[in-house]
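K.L.:
Below is the structure I would like to discuss, written out as structure tokens.
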Ligand SMILES: O=C(CO)COP(=O)(O)O
């Protein structure tokens, strides 16, 4: 049985006062039965992980460099995230791919670095609207999975997030059938590469305009093991509603 996961990606949002929302969330959901993860900006990671001491909620990074140390101004290594209290890191998010030109081989190198630092890697894949309209969705996802996930990944160290680019921050979501089609295809692809047992242990998250109002139906979809949540993770009430829907699913 895969443990469900609700992961919040704060993106470039939040200064110290945002931690008040975390206090609210912890008070409202002291013992969630799913894994709950918050990935704040790197500047908040240490303070967040201090705040989460003694709770069931974990902290994660939003990116890391592929190298361990060195002359990479502005970058943060996987070991540094770990040192700041992270247990997980999001890699290959579509905003990293588009804002920073990250290709699959970069994502793969970063994922290797994350695994080497004992972080769970949440590797993101997803098609653009033009790719979906052209009928290329499954091919694009397959290429991203092959290129972004290193051979050393396992069910315990890898989470895959399917985030259609056109659904991120837009209020639009794929149909439930479209989500099922992609998640089933991801599971099959992982199974072919890593074997059924290892593939079965990998959590597959859906991301893109997940809200309390649509969470329940999305969590009912085949091979959806939770969500990677952007905007709605910034407010304790909204993220709490998503956690509650996941716990009830
Ligand atoms: O990109 C996302 C999470 O990584 C999704 O963002 P939204 O939930 O704001 O659409």
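Cβ from N, Cα, C; glycine included.
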K.L.:
Based on TrEMBL, name the residue from 54, 61, 155, 169 that is recorded for the same substrate site as 9, 10, 11, 209, 230, 231.
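P.N.:
For substrate, TrEMBL names 9, 10, 11, 209, 230, 231; of 54, 61, 155, 169, the listed one is 169.
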K.L.:
Max CA to CA distance in Å over the substrate-binding set 9, 10, 11, 169, 209, 230, 231?
P.N.:
14
K.L.:
Within 8 Å of the Cβ centre of 9, 10, 11, 169, 209, 230, 231, which other residues of the chain have their Cβ, at the recorded substrate site?
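P.N.:
Neighbours found: 13, 168, 229, 232, 233, 234.
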K.L.:
Please give me the CB contact count at 10 A for residue 11 (substrate binding site), counting all chains in the structure.
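P.N.:
Cβ-Cβ neighbours of residue 11 (substrate binding site) within 10 Å number 19.
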K.L.:
Between the Cα atoms of residue 11 (substrate binding site) and residue 93 (active site, electrophile), what distance do you get, rounded to the nearest Å?
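P.N.:
Just about 10 Å between their Cα atoms.
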K.L.:
Please list, in sequence order, the residues in the chain of residue 93 (active site, electrophile) that are at least six apart in sequence and whose C-beta is under 8 Å away from its C-beta.
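P.N.:
Spatial neighbours, sequence-distant, of residue 93 (active site, electrophile): 9, 62, 63, 124, 163.
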